[in-house]
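To start, the structure under review is shown below, and the notes come after it.
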Amino acid sequence: MKAVGLVTEYNPFHNGHIYHIQQAKAVTGADVVIAVMSGNFVQRGEPALFDKWTRTQAALANGVDLVIELPTFYAVQPSHLFAEGAIKLLTALGVEDVVFGSEHATVDFLNLAKQAPSVQGGKAFQEKNQTFAQAYATQLESETGFKLEDPNDILAFGYAKAILNLNSPIKLHAIQRVAAGYHDQSFTDDQTIASASSIRLALHKGKLEKVKGVVPNQTLVDISSANHTVDFESQFWPLLKYRLMTDTIGQLGQVYQMAEGLEHRLAAVALGEPGPQSYQSFIKAVKSKRYTFARIQRTLLYTLLNVKVDQMQAAMQDPYLRILGFTDKGQAYLNGAKKTTTLPLISKVDQHLAKANLRLDFKAGKLWQLLAREPGQQQDIARQPIHFTQAHTKEDK
């Protein structure tokens, strides 16, 4: 069977994702759709609106055949590491094609990536008032004429770089984003496709009726179930503030992505008087030209999870394929992939795995449970992959 890969967050799953799945199959002629999906935390360092099992269920109900978790050590990273992790997993599964949405679908991202090795030493990197990502984009534009600034284009460039770095045989296919831009914050009543961020914003404002036209039935069911959502703002900040108050500067400095004195700035703002009263006000107080919002949020998540640099480096050297769910077709493909993949396939997590290979995912799952006020809703231990059939859904035994 021929498989096409999708790199996803599904936060939440919406009609644009259905279009993506349909186009992926049409463009490649694939028999099986495999989604590599972020777990309980997404790339920007925020908790997903719904847990990974709820989002897996929605994906399987709407055309995906196999869902593999993108481990936290890849999922909560800058775009180039996020993309490399996803391509590494899809390559290990024997996926031939990856289809992605792009703001500029006619661009040859693989050719663009081939020109990139000469970029990093350019003049743009001497500018002190830019982030690394901004400097990189500026230098790339000066050498290639293409301005890399839209989120999906940045990820596409990351996929292309990863394919070159990993010597992967995967072929890339871009499809043009339709109806909604990545950062759109609103949508009209007659739209059938809206951005995930605009859907989250509408839900935050309590506008359930408004989102009915832009999400499938399964997502509506999930939205209606308060048991699956995260109360992020009110729950995250007290935990983080306590951590910043009690850790020493030396301890904070060991956290992954804590660099250039960021630990001093975080502690000073958190301990100031009267001090920020919310997570968002804290982020805004910390923000500077040197750090993007996403960079700060990722670092704060790793602070709360107490992830050290050496722990992250070790985890990234030991990837695995965590199976979250499959259809009958996905299960058949998986049975074949087991014979050829070089990465461990994990379908059930026990205490040993939770303390070893999956330690970071396990901790992230526990934190998500805490934020969602669902202490009994296990995210990893003893959870089985979802086996989706049209007749019924079950956790595979």
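Cβ atoms are placed via backbone N, Cα and C, with glycine included.
Summarising the annotation, Swiss-Prot assigns ATP binding site to 7-20, GLY101, ASN152, ARG177. PHE13 (ATP binding site) is surrounded by 29 other CB atoms, counting those within 10 A of its CB over all protein chains shown. In this structure, PHE13 (ATP binding site) belongs to neither helix nor strand by DSSP; it is coil.
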Would you mind checking how many other C-beta atoms are within 10 angstroms of the C-beta on VAL7 (ATP binding site)?
23
Let's check the environment of TYR19 (ATP binding site): how many other CB atoms sit within 10 Å of its CB?
17
